[in-house]
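What follows is a short report on a single structure.
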Amino acid sequence: MAEVKPEEISHPPMEQLQGFEYCIDSNPPWGEAIILGFQHYILALGTAVMIPAVLVPMMGGSDGDRVRVVQTLLFVTGINTLLQSLFGTRLPTVIGGSYAFVVPIMAIIQDSSLAAIPDDHERFLQTMRAIQGALIVSSSIQIILGYSQLWGIFSRFFSPLGMAPVVALLGFGLFERGFPVVGRCVEVGLPMLILFVVLSQYLKNVQIRDIPILERFSPVHLHRVGLGLCSNPHCRIKIPFPLQWGAPTFSAGQSFGMVSAVLVSLVESTASYKAAARLASATPPPAHILSRGIGWQGIGILLDGLFGTGTGSTVSVENVGLLGSTRIGSRRVIQISAGFMIFFSVLGKFGALFASIPFTIFAAVYCVLFGLVAAVGLSFLQFTNMNSMRNLFIVGVSIFLGLSVPEYFFRYSMAAQRGPAHTKAGWFNDYINTIFSSPPTVGLIVAVFLDNTLEVKNAAKDRGMPWWVPFRSFKGDARSEEFYSLPFNLNRFFPPS
């Protein structure tokens, strides 16, 4: 083995990841792009199916109601993804259902006035209308924070050091959706996990017509196996439309409680945008672009409320991870996947067939994709001085508490069937139980606070701020216009500020 000279041990920090054949604004050939978009569609099915599968029966809904909610969630996911990729951050991100909304939604489901309704279908309709009303009201928070540029202003307190734990916790914090789910059917899940790693890593150089088909399309190969493990369900699904469950109902307490989930969604999406920018081989999104994306995401939650998806929206972490697994960060691929979501949600039988893939296979893929997103978060540390005890303290404490505090809330809730916060003020309980159940949110609170208060006067270089200063404003880096400008020459009417 050749001896490595000290001067050869050099890995300079880089704003953009290397090794991507197609980045955010470059496009694969149409045939390849369609298959890649289909992969993103299949991956988005996991969350679109799981959330309604848990919540709809608790609301009194039937199997038919659950299927309609799945279809509606997938339909709105397609719309929100198109809007975000065209007019929001313009990053290749899928905007899908969020688990962050489960706590306040559970509080609505357990509301005494709704739980007392004797007829199951009527209870489902009334509960869905209450959830819709809370989503519609709470969506205004993200809309205001986004379009007023307040979130962009707040993002100026972020540094590479502060964001590294937050983005890392985006992946690490989802560990319970990985191997614990694989273990429920280990005879299927474990072989799928091993197969995914082998196809995407060890056999990545296998090519047909210069296309690494095993690396780039490994999720499709896995899900083809999944289709062989399930039967073709027969169902008829109606086309979603606004207010399909009836007129929303509004309650101040329920709306205040839902705001907590909106704030968690905002934090998680911010971290996801940072990760997606790196995995799309783009520069970090400037403050204005981040605010624009949050504003459109607020509109997405408003659409969730109008259509009745049963939950709110956030950036899909698994789809962000798939950008890294395939090494394709093209925006067009995500827009094609949005087309699949809308198309298959209308053609119900086909959508139901793909949605019947065993969730164990999704979990096997998650084990890799969530790990990739976590690693992207850790990659921000290359811009910082990790020989500084100050920085080691901030990173270590924020990651540890980001995992430990939500785990405490989870175990407490499982044992007591309620969250640690259990006062007479229901909205306050929802705030505490939702915010501190989110690893990225706890990580952001701890990391950003410590990073901006602990020996901060002379620590700008150690925090990595010189690397991110050019990306605070839209015109700070010439590449921002290439990556983030609005289509159809709309920048003339909505100039970056």
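Counting starts with 1 at the first residue shown.
Backbone N, Cα and C atoms are what each Cβ position is placed from, and that goes for glycine too.
Keep in mind that this is a model prediction, so the values were computed, not measured.
Per TrEMBL, the features are:
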type: TRANSMEM; residues: 38-58; note: transmembrane segment
type: TRANSMEM; residues: 91-110; note: transmembrane segment
type: TRANSMEM; residues: 130-150; note: transmembrane segment
type: TRANSMEM; residues: 157-175; note: transmembrane segment
type: TRANSMEM; residues: 181-199; note: transmembrane segment
type: TRANSMEM; residues: 333-355; note: transmembrane segment
type: TRANSMEM; residues: 361-380; note: transmembrane segment
type: TRANSMEM; residues: 392-411; note: transmembrane segment
type: TRANSMEM; residues: 431-450; note: transmembrane segment
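Spatially, the transmembrane segment (38-58) is not adjacent to the transmembrane segment (157-175); fewer than three Cβ-Cβ distances between them are under 8 Å for residues at least 6 apart in sequence. Long-range neighbours of the transmembrane segment (130-150) within the same chain, counting only residues 6 or more positions beyond its ends whose Cβ lies under 8 Å from a Cβ of the stretch, are 101, 104-105, 108, 111, 114, 245, 248-251, 254-255, 257-259, 261-263, 265-266, 287-288, 291-299, 301-302, 304-306, 308, 310-312, 497. Remote same-chain partners of the transmembrane segment (431-450), defined as residues 6 or more beyond its termini with a Cβ less than 8 Å from a stretch Cβ, comprise 100, 103-104, 157-158, 161-170, 172-173, 256-257, 259-261, 263-264, 267-268, 271, 393-395, 397-399, 401-403, 405-406, 409-410, 413, 419-421. With a threshold of 8 Å between CB atoms, the same-chain residues lying at least 6 positions outside the transmembrane segment (91-110) that come near it are 24, 40, 43-44, 47-48, 51, 54-55, 58-59, 73, 77, 80-81, 83-85, 127, 130-131, 134-135, 254, 257-258, 260-261, 264-265, 268, 272-273, 276-277, 280, 282, 285, 293, 297, 300, 309-316, 319-320, 323, 329-331, 333-334, 337-338, 419, 426, 429-430, 433-434, 437-438. For the transmembrane segment (157-175), the list of distant contacts is 267-268, 270-272, 274-275, 317, 321, 366, 370-381, 383-384, 391, 394-395, 398-399, 402-403, 406, 438-440, 442-444, 446-448, 451-452, 462-465, 467-468: same-chain residues at least six beyond its ends, Cβ to Cβ under 8 Å.
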